[in-house]
Amino acid sequence: MVNISSSIPDFTGKVIDNGRLKLQEVLGTGAYGVVYKALDTNSAGRPRHYAVKCLLSDLPSRQRKFQAREIALHSFASAHPNILTMHGTYEEERYTYLILDLCPGGDLFGAITERHVYYRNDALIKKAFVQLLDAVEWCHDHNIYHRDLKPENILCTADGSRLYMSDFGLATRDPFSRDFGCGSSYYMSPECIGKEFDLGAYSTKHSDIWSLGIILTNMITGRNPWHWATSDDECFCAYLHNRDFLLEMLPISAATNKILRNIFTLNPLTRISIPDLREAVMKVESFWMTKAEIAKASEHVKVADAQYAVKVPTKEVEALRIVPDDSTLADELSSSGSDFRRLPEHGDAPRDTVSAPARALIGRISSKSPHRLVAPLGNHTGSDADGEDSMSSEDSEGPITPESYAVQPAVDVPDMPEGVGLGVGVGVAAGEQIVVAKAAVAVKEEERRGKQHAKSPVASPSHLLKNAVRRFRGLHV
């Protein structure tokens, strides 16, 4: 993939917008543009700064169309207080400048992985996550579906108390999409991945809600539950086999587990709505197990809690910056391929050179990464548009199905003890495998009625597949 930003010269010191904004320093560079910190020269008494995203506008008509869509949707959505404000655009012959609020607190990924601000802070999680729910619900009410919700695309204040959704590069107004594999792998719903079912389209609204569930898991545990929501991912396979898998492997409370089960339903039609999710989150007494419960829990739970509890001095975090790397994502992740998706270490993941406030503003780097089980939260790969798991469409050829890489935390967390890995073999005798047919993603009729089961019985693959296809096609009725 051509890196468009490489053809953009260094505009440091340049003055734009009729002399009003001076570009002072580069905050980050990406595949599609460069983000600058800019000074409003009219605010000499009380200097005001903005983030200015410079995009190459001398593009083929199709790419220009998708760039215009991103600008239009973000500009419209700026009306919401929890969506990063776009103040306007400035056009030159070859370049377009997006003038955005500067958020020096960085992104949600940094708040989770570098500062651990949400660890055992129920009130803060409620305050922050409800803001995100409000922003996403507002977008859905106005027929805007984000399709790339993840911590890197959410900016926040330094204390994590205020969230601002950003990066509308993959957003659409289509309630149903044929753009399978759109987004970042950890956050994609099963129907968005599209690997298990041969269906015409998926609901972008319900897929966004799935992504919200992964983000909530990130905030509470500092981890991702799985790499891909497909039956050949060991951790997701274990979840299909045992709906209480997350409760057994993470230090989450029973109330949190119930919420996640209601989000991670395989039939989008039975997935919890945002209003109901908001109500459920606000009713939670605690998102975590008590210390007494952790003492009685599995080693997986104890390690997960201990690792997320590690605090990192701010100076240590600032001293470590992202190092670009051309190696593929799968080579930098867990050593065992089966530990429970802990956030990886700083510098291991290929990524743009970028400071935290710019991560959600710049474009993405695309790279073909093998579909391999990966453990930690972080390194949020997207599907490659040219890969076998994605489909081309009118809607997908703009800033297409990216490979987006999450910065790794500056945390020297202890390695997972030998034998404490998760994935294949979880809850199974050594040498055995959890065998769940791909068709096990079918939702049982009891689930449609709102009933929950700790174990999902494996019916015949043909029966389950027919059930799933019938229910998924119900989206189009």
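A Cβ is built for glycine as well, from the same backbone N, Cα and C atoms used for every other residue.
The domain 'Protein kinase' feature in TrEMBL is assigned to 21-288.
Under the heading ATP binding site, TrEMBL lists Lys53. Just so you know, the Cβ of Lys53 (ATP binding site) picks up 25 other Cβ atoms within 10 Å once every protein chain is counted. In the three-state DSSP classification, Lys53 (ATP binding site) falls within a strand.
The region 'Disordered' annotation in TrEMBL covers 329-355 (among others).
Under the heading compositional bias 'Basic and acidic residues', TrEMBL lists 339-351.
Residues annotated as region 'Disordered' in TrEMBL: 371-402 (among others).
Here TrEMBL flags 385-397 as compositional bias 'Acidic residues'.
For 445-465 (among others), the entry in TrEMBL reads region 'Disordered'.
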(message) If you average per-residue pLDDT over the domain 'Protein kinase' (21-288), what number do you get?
(response) 95
